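Participant: Here it is, the structure, as structure tokens.
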Amino acid sequence: MRIIRNYFYTAGYNLLILLTPLLTVPYISRVLGPTGVGINATTNSIITYFLLFGTVGITIYGNREIAFIRDNRGQRSQTFWEIEILQLLTISCAYLAFLVFLFFEHQLQIYFFYQSFYIIAGAVDISWYFMGLEDFKKTVLRNMLVKIASVIAIFIFVKTRQDTGIYILILAGSQVLGNLTLWPYLRHSVERPNWRQLNLFRHLRPSLALFVPQIATTVYLALNKTMLWQMDSLTAAGFYDYSDKLIKLVLALVTATGTVMLPHIANLFMKQQLERVKQYLYMSFDFVLAIAIPMALGVAAVATTLAPLFLDGHLGQSTDC
């Protein structure tokens, strides 16, 4: 029952992520135009590099590690503080590297600064802790409220093509706010750490082992937009970004399965219940295939019709991407 409940929580949040662009994308594509959309896409792709190398796989590692020891409150608390402080240190290093980059960047400097709030959001992100406990309700409900508030703010404050910076600031700021709303729940879940016994760097090597495959699946997505900016224009990056967004709208329903199953399978693995691990893996694989293949065929079938209706006339060219 817990898995099913957590899946519906996660899928419900992903559906909100799905519905949010359905409300904002047509509006933003018309108000900001291809260039404004391209500025957001390009600057965000650069920030993704700093955030990725700042977290060094800690989000996935922390989720798994908390799932391993979630039944031991003392050990769980100590591990949480070790991982979170390590995350603060690594992301602080990434932010310092970003400031050096910002010093030499003049063309889109103010937009990069606004996007840097995503790095700050990464530093205070403790959703991995609650996911490791399989407590998806807290993360989902709080993020839903923040997401709805950000949509309202977009319609109120983003009115012209000169409001690209405001649009970026709303998106990045809402991410910081959403992550901060989880912190009050810690007082009921974790104890104060024994500062003398903290061993932060024992987590660095195993998190790096998870970081390497994360690079392979993340960097190329951001690199596409960066290359389009450098090789063509911000407008070209805008076309690509919205064609990519249309695919991710549907993909969100598929990825909910992996998000829910990771901590559950990790906990079973720690208890040496390997047969149940295999059972859940096969069930998850069958479920993902059952929904992913029809979705892929459906998107391919309606792409050329959907994009011109859904996006601004110029951004309707996204079907060519």
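Just so it is clear, glycine is given a Cβ too, placed from its N, Cα and C backbone atoms.
Caution: TrEMBL annotation is automatic and unverified by curators.
From TrEMBL, for reference:
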type     : residues : note
TRANSMEM : 7-29     : transmembrane segment
TRANSMEM : 41-62    : transmembrane segment
TRANSMEM : 83-104   : transmembrane segment
TRANSMEM : 110-131  : transmembrane segment
TRANSMEM : 140-158  : transmembrane segment
TRANSMEM : 164-186  : transmembrane segment
TRANSMEM : 207-226  : transmembrane segment
TRANSMEM : 246-266  : transmembrane segment
TRANSMEM : 287-311  : transmembrane segment
Participant: Determine whether the transmembrane segment (41-62) and the transmembrane segment (140-158) share at least three Cβ pairs under 8 Å, counting only pairs 6 or more apart in sequence.
Facilitator: no
Participant: Does the transmembrane segment (164-186) reach the transmembrane segment (110-131), going by 3 or more CB pairs under 8 Å (6 or more apart in sequence)?
Facilitator: yes
Participant: I need to check the long-range neighbours of the transmembrane segment (110-131): which residues 6 or more away from its ends have a CB within less than 8 Å of a CB in the stretch?
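Facilitator: The answer is 39-40, 43-44, 46-47, 50-51, 54-55, 58-60, 62-63, 66, 80, 83-84, 87-88, 91-92, 94-95, 98, 101-102, 138-139, 164-165, 168-169, 172-173, 175-176, 178-180, 182-183, 185-186, 189-190, 259, 262-263.
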